[in-house]
Amino acid sequence: MFDIYDYSPRLVALGLIAATIIIYSFTLTVYRLFFHPLARIPGPKLCAITGWYEIFWDVLVGGQFTFKIEEWHKTYGPVMRIGPNEVHFNDPDFYNELYPTIGATYEKPAQWRWRFGCGTAIFDTIGHEHHAQRKAPVAAFFSRQKILQFSGFIQDQTDILVKRIRDDHRGQVICANEAFDALTMDIIGYYAFGLSYNSLQYPGFKAPYRNVTADIARMVHVGAHFPWVFTILNALPEKYITRLLPPMSKIFMFRKEISSQIRRIKDNKEYLDKNVNEHRTVFHEILNSNQPACELNEGRIYHEALSLVGAALETSKRTTALAVYYILATPGVEDNLRAELTAAMPDKTKNLSVPELEALPYLNAVIKEALRLAIGVSQRMRRYSPTETITYKDYTIPPNTVFGMCHWEQLRDARIWDRPTEFLPERWLAEQPLALNGQPLNKYFVPFHRGPRMCLGKEFGMAQLNIGLATLFRQDDIKLELYETDRKDVDVVADFFVPLTVKESQGVRVLVK
């Protein structure tokens, strides 16, 4: 016979703790399934019970939760509970209501603030008003007017890229991802810091920081769900971390470089004054703004630099490389594009301005299809309102509930897009392109998101795409041919906030003829 006095106080305490955990977990499960304000929203029960189901698909399996959401919507309908306190929508006509351009005061959930390790950057700012305050000086610098003024430099760097392809790589295989990565690094480096990294001068365009943004992205889910991991990594000596995780060496090098440039600009007032007329960079603009002192410290500006440069590199590189792939892989597209560019630029040495390029219908159609299939951000855009109720059909979403929609689904929805996974520039050539439901197609074209938090770099990215593709495919003495490259090198198989292809992919490789 067992006697309670035979058990030590330690065992009794452990038993009580275990019982408490079991009772608490059971009670919480019952509450979330039957009494929570979202209890009547359809969706997988495991998602309603715990956030660990998302962790399983994104951290353990690897960037798959977005695809599970798409799959579950086919079962549960257009509104679905995907977390204990999160709702996801899949209704293309609801997108503009959920992310209105004017009047929205939504905030970002704090949980995701440190997923990139730069939580004080504009992109991950939580509060609506705080976001608007930080955004103001930067938004002016990325306005259409500013980018058009800067477009001459974008053209100059693109000319360097094309010249290097022609003179140094004929008969060789190059990776378009690496070439456009180098191009973007030289452009954004000068725009942000007032210097060029000369990435285009490296043999084969294999610059030191190539693919660093993809390496950073692969840590995003760990950073989102376990932010303390970054705290530990930052506290450990780099030499030990790089031995365990070799890709981290490139990330550390990239972060040090960004930090040194911010320190140079911030501390060297003489440099700032000297270059203000030559090229006033985005960080000069921030540091000379009327922001509070706490917004101008080195740590926050460093976070802004990481966010800005990282976003520009990954999205521009992927979209342009994907465009090159489909131009070369889709019958008739290259011929149509070259014919239009030749007619518009009889003398290939006389480049067109960005507005003139934007007026070319086929080039514009190619760029739109590239943006649609590249999907700059593959993850849902989470928001919440502390005060507002969201109403969708007969469902009411209470304040402080996280909600969102995916670009991934919006840009590939078979209810909107004819043959959504195919590259079809022709869909944009009608005088008024229409969706399958009869609505204007542009209503559903959201590669840069919409609302107060839409992508700041839209004009920058569009200028680079127009200039890059027009300059490259106007050259009648350069012929590109895909080399051991197919759909696996562009198709998205994982969501790490940005879309990633299979790990084995070597990118879009082309033979220069």
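The backbone N, Cα and C atoms fix where each Cβ goes, and this holds for glycine too.
Record features (Swiss-Prot):
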TRANSMEM  11-31  transmembrane segment
CARBOHYD  N211  N-linked glycosylation site
CARBOHYD  N351  N-linked glycosylation site
BINDING   C455  heme binding site
Intrachain C-beta neighbours of N211 (N-linked glycosylation site), sequence separation six or more, cut-off 8 angstroms: N177, E178, D181, K250
Separation of alpha carbons, C455 (heme binding site) and N351 (N-linked glycosylation site) (Å): 27
Cβ-Cβ distance under 8 Å to the residue listed as 'heme binding site', same chain, at least six residues away: A311, G376, F448, H449, G461
Neighbour tally for N351 (N-linked glycosylation site), based on other Cβ positions within 10 Å of its Cβ: 20
